[in-house]
Amino acid sequence: MTPATAICLAGAAGLVLGGALPAASRAAAALRAGLTLQALGAALLGVGGVAILAAGGTTGAPLSAQIRPALGLDPLSGLFLVVLGLTATPALLFARGYLPGGHAPRAVAVLTAAFLLSLAGLLAARDVTTFLGFWEAMTIVPAAAILAARRDDEARSAVLLYLGITHLGGAGVWVALLALVLAGPGGATGTLIAVAALVGFGTKAGLAPLHAWLPRAHPVAPAHLSALMSGLMVKVALYGLIRVELEWLAPAPLWLGLVLMGLGLASALGGVLYALVQGELKRLLAFSTIENVGIVTAALGASVVLATAGEPEWSAIAFAAGLLHLVNHAVFKTLLFLGAGAFERATGGLDLDRLGGLLRRMPWTGGAFAIGLLAIAGLPPLNGFASEWLVLQSMLHVALDGAIGISLAGAVALAGIAATAGLAALCFTSVFGLTLLGAPRRPEVAQAREAAWPMRAGMVLLAVPCVVLGLVPGLVLPVLVDLAPSAGTVPATPGLDLPATGSLPTAALAIAVVLVAGLLVAARGRRRAAPAPAWTCGQRVVPELSWTAAGYAKPLRLVLEAVLRPRRRLEVTEAAGVVTGVDYASEVALPVDRFVSEHAARHGLRGAAFVRRLQTGNVRTYAAYLLALVLGLLALARTGALG
Amino acid sequence: MSAIAAVVQAGGLAVAPLVPGTIQALKARMQGRRGPSPLQPYRELRRLWSRSGVEPLGAGLPYRLAPPVVAACLILALAIVPVAGRSGPWGLGHDAFALVGLLALARVAVALAAWDTGSGFALMGAARDQTLALFAEALLALALLLAALPAGSTDLVAMSGSAAGTAIWTEPAHWCALLAFALVVVAETGRQPVDNPDTHLELTMIHEGPLLEYAGRDLAYLQWAAAARHWLMLLLAAGLFLPHPASFAGALGLAAAAVAAGAVALAVLETAQAKMRILRVPSLLGLGCLVALAGVATWGAGGVL
């Protein structure tokens, strides 16, 4: 057994013990100790992942399309174990302060451990059976955790939708993997496998148009589970996508690359656009997950396209760009969901227009949340910018190196990703302002207290990689490039010093911004007149009249009215010519809901009503079914149809 | 050579306010007014520098940090963009997309300051600015792609080198790029028909809106940054899209002439053209995107038609 395997096994043991402890004892101390053990286990898994990446090569069984159970690890699993460690450790630390105040904390703690174990098991699965087993566990366990923590109808219907869509879509995973076992990649089956895997993994990753469950299910979970679902689970779905589409089916065909780019782009633009029109923080964050999954998928698609265009080096860089964005998004999305959980606990609600001024009241939580927002908005010098820069460069090289059609696709993708970055900046500036700045807009918000120390520690722990990965992405990039299916090498410098770019010395830029801004602050001096109210044409600035999320997104809504097609409802009640009340509501429905899901639900219910007639509850009917089945099978065996 | 290039680049810090000054002076002449001297921005900066700042009630760190951060972003952008195809040894690289990132950081810093003050007019301007910016960024990315096609790289020095000489002018893609970038220049500098820099009517402002709450040295930083944006965009236009000799002195002379010509063109445009409705601007920028995509297609189709 290699040291890396031993560390990973110790980590898994930590998760098992950490889950068993709160299951065995009702004591509050057992819950805390269990979560600490789990955090330790997750951290060990992360360390094990680093060890595997450092050692290179495979330990345990090699990956194969067999049905005989086998476990093992290779560098790609190692990277995802690192992501698991990076996100789950702080999330569990956070849960240590967060869970005791919620519903059914023990059940949720146990299920959290089971969830992480199924994720780790999925990463270690080397054969189809084990993979599918852990895959199903990964889908079902968070649903159980949500139902344990929340009893309301909203959560129930969200979970039902989540299970429904991910199972229907997840059939694609089964089809793809079983087809791999039966026929192996290549030929017509290769196409079938590629499409089925795209549907299966795409659903779970939240790729448009199969994403309808994600913005409903992620927000209803307890904060640390929302964080793990958005930060980690969708990434593991992308892991499956990479395994099947880019590894088993290697070399992936050009059409697959273009499809991935197209789906990715649609998800990126659609995700951020719908994030912008949300009024609730966690729902907004869930939509932004769709956006970032889209960016990663588009980069993976670019990698395939570049490989077919005979550019192995840029293909590897595009692949690494996708992975780096995946790691970055895992970090800051986990941070943001944890922050949202802390705000919810402190203020009792996450309606974006009913928060405000939290940076002053909760400096630690607010500060970490601010770093996460600036990182996800893709601003230098944080990590989001580094990976988006790489993705932009990948798209540009698709446009530079391809034939005319591919070149155009690359150009469209480049413009789309640039616009996505602009939309994300708009979206998260507004979130920053609405939650952290300005005056509090509810009495509870004004009374908000800083979160407990484990919660703060979890969030600060996540803010650190946002900064570090932004300063020295170039130290991580060569590792990621090595994971790519096509060969390529990049120099290991702190910044991103790539051929055919002007190079991005991230650390130097960061230092220069801080230094120059610092000098300018010093030059400005301290001479200030007495504070005066802000200028609003002589009116006073009152919290009730302050700007809303909808107000800030209004120019964009007006520009994109034809795309978003909001449904508005305005009711004015009048009494004797005097307006006594105005009720206004507007909603932007997802196109997939409007055109697909609503019809699918109607027909599905009709179908269910029909099927229910078969279930009479009468024993004799069931006996007749059994008899018919046996007779049918016998007949089939007789005719030789069953072999 | 690189030392001279560094000095020339740093000179941009000082020369930048001359660009909007010249535009204002020319515009006044064309409108039959006597107008201010081209040096007026310098006078204003000196006046602002001697004034004390005013801070709105309740504003905090984002408000205080925005002006220095914006100015710092523009200073770094000036270091990244080569003058006449040469760049000083700043160690900051010269990547086109790094420039886009710095401009985005400056924009977000201003928008966050607007949220910090809570002033409706500042927020109105910031929201409009960010909305237009996302279309402008897409167009800018496409224009940079077109400029990167001959060099096969987003290194601004290499891009500028590949645009030297006159051969590039037979490429239809280059003409599309020039048109696309011209739209970016208008949008990024906040000139008509996208924005009216002369207006001080709260409801119509875009770029000026978030500046309402600033005074003194803070305002001086922000006004200098607005001027630096003019300088930067015209310099990029000259370096990437206009025919220029490969020699440094020749290219430098041409860059100076091109910036001056750009200022004249902006003044003429602003005199001849009324401000557009804000919501029409994305259509204009979208049209620019289509032109740029057409340029990519002609390049892919084999360049010279």
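Using the three backbone atoms N, Cα and C, a Cβ is placed for every residue, glycine included.
Taken from TrEMBL, the feature domain 'NADH:quinone oxidoreductase/Mrp antiporter transmembrane' covers A:157-408.
Long-range contacts of the transmembrane segment (A:76-95) within the same chain, counting only residues at least 6 positions beyond its ends with a Cβ under 8 Å from a Cβ of the stretch, are 4, 8, 35-36, 38-39, 42-53, 109, 112, 116, 119-120, 123-124, 222-224, 227-228, 231-232, 235-236, 239, 242-243, 247, 323, 326-327, 330-331, 334-335, 338, 341-342, 454-455, 457-459, 461-462, 465, 479-480, 483. Taken from TrEMBL, the feature transmembrane segment covers A:76-95 (among others).
As annotated by TrEMBL, transmembrane segment applies to A:107-125 (among others).
The transmembrane segment feature in TrEMBL is assigned to A:131-148 (among others). For the transmembrane segment (A:131-148), the list of distant contacts is 103-104, 107-108, 111-112, 114-115, 118-119, 121-122, 125, 155-156, 158-159, 162-163, 166-167, 170, 173-174, 177, 204, 217, 220-222, 225, 228-229, 233, 236, 240: same-chain residues at least six beyond its ends, Cβ to Cβ under 8 Å.
Sequence-distant contacts of the transmembrane segment (A:188-208) (same chain, at least 6 residues past either end, Cβ-Cβ under 8 Å): 139, 165-166, 168-177, 179-180, 182, 214, 233-234, 237-238, 240-241, 244-245, 248-249, 252-253, 256, 259-260, 263-264, 266-267, 270-271, 289-290, 293-294, 297, 592. As annotated by TrEMBL, transmembrane segment applies to A:188-208 (among others).
The feature transmembrane segment is assigned by TrEMBL to A:220-242 (among others).
Look at TrEMBL and you will find A:254-277 (among others) tagged as transmembrane segment.
The feature transmembrane segment is assigned by TrEMBL to A:284-310 (among others). Counting same-chain residues at least six beyond the ends of the transmembrane segment (A:284-310), those with a Cβ under 8 angstroms from any Cβ of the stretch are 205-208, 211, 214-216, 218-219, 226, 230, 234, 238, 241-242, 245-246, 251-254, 256-272, 274-275, 278, 316, 318-319, 321-323, 325-326, 329, 333, 336-337, 340, 352, 376, 388, 390-391, 394-395, 397-398, 401-403, 406, 409-410, 413, 416-417, 420, 424, 427-428, 431, 484-486.
Look at TrEMBL and you will find A:316-343 (among others) tagged as transmembrane segment.
Beyond the transmembrane segment (A:364-386), the same-chain residues lying 6 or more positions past its ends with a Cβ under 8 Å from any Cβ of the stretch are 288, 292, 324, 328-329, 331-333, 335-336, 339, 342-343, 346, 358, 421, 424-425, 427-429, 431-432, 435-436, 450-451, 455-456, 459-460, 462-463, 465-471, 473, 496, 504, 506-507, 509-510, 513. The transmembrane segment annotation in TrEMBL covers A:364-386 (among others).
Residues 53, 79, 86-87, 89-90, 93, 316-317, 319-320, 323-324, 327-328, 331-332, 334-335, 338, 364, 367-368, 371-372, 375, 380-387, 390, 488-497, 506-507, 510 of the same chain lie 6 or more positions beyond the ends of the transmembrane segment (A:460-481) yet place their CB under 8 Å from a CB of it. Per TrEMBL, transmembrane segment is recorded for A:460-481 (among others).
Sequence-distant contacts of the transmembrane segment (A:501-523), counting only residues of its own chain at least 6 positions beyond either end whose CB sits under 8 Å from a CB of the stretch, comprise 380-381, 386, 389, 393, 470-474, 494-495. The transmembrane segment annotation in TrEMBL covers A:501-523 (among others).
Taken from TrEMBL, the feature transmembrane segment applies to A:622-641 (among others).
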Tertiary contacts of the transmembrane segment (A:622-641), as residues 6+ beyond its ends and Cβ separation under 8 Å: none
Tertiary contacts of the transmembrane segment (A:254-277) (same chain, 6+ residues out, Cβ under 8 Å): 194, 198, 202, 206-209, 211, 215, 245, 284-285, 287-305, 307-308, 398, 406, 409, 412-413, 416-417, 419-420, 423-424, 426-427, 430, 550, 553, 556-557, 560, 563-564, 566, 588, 590
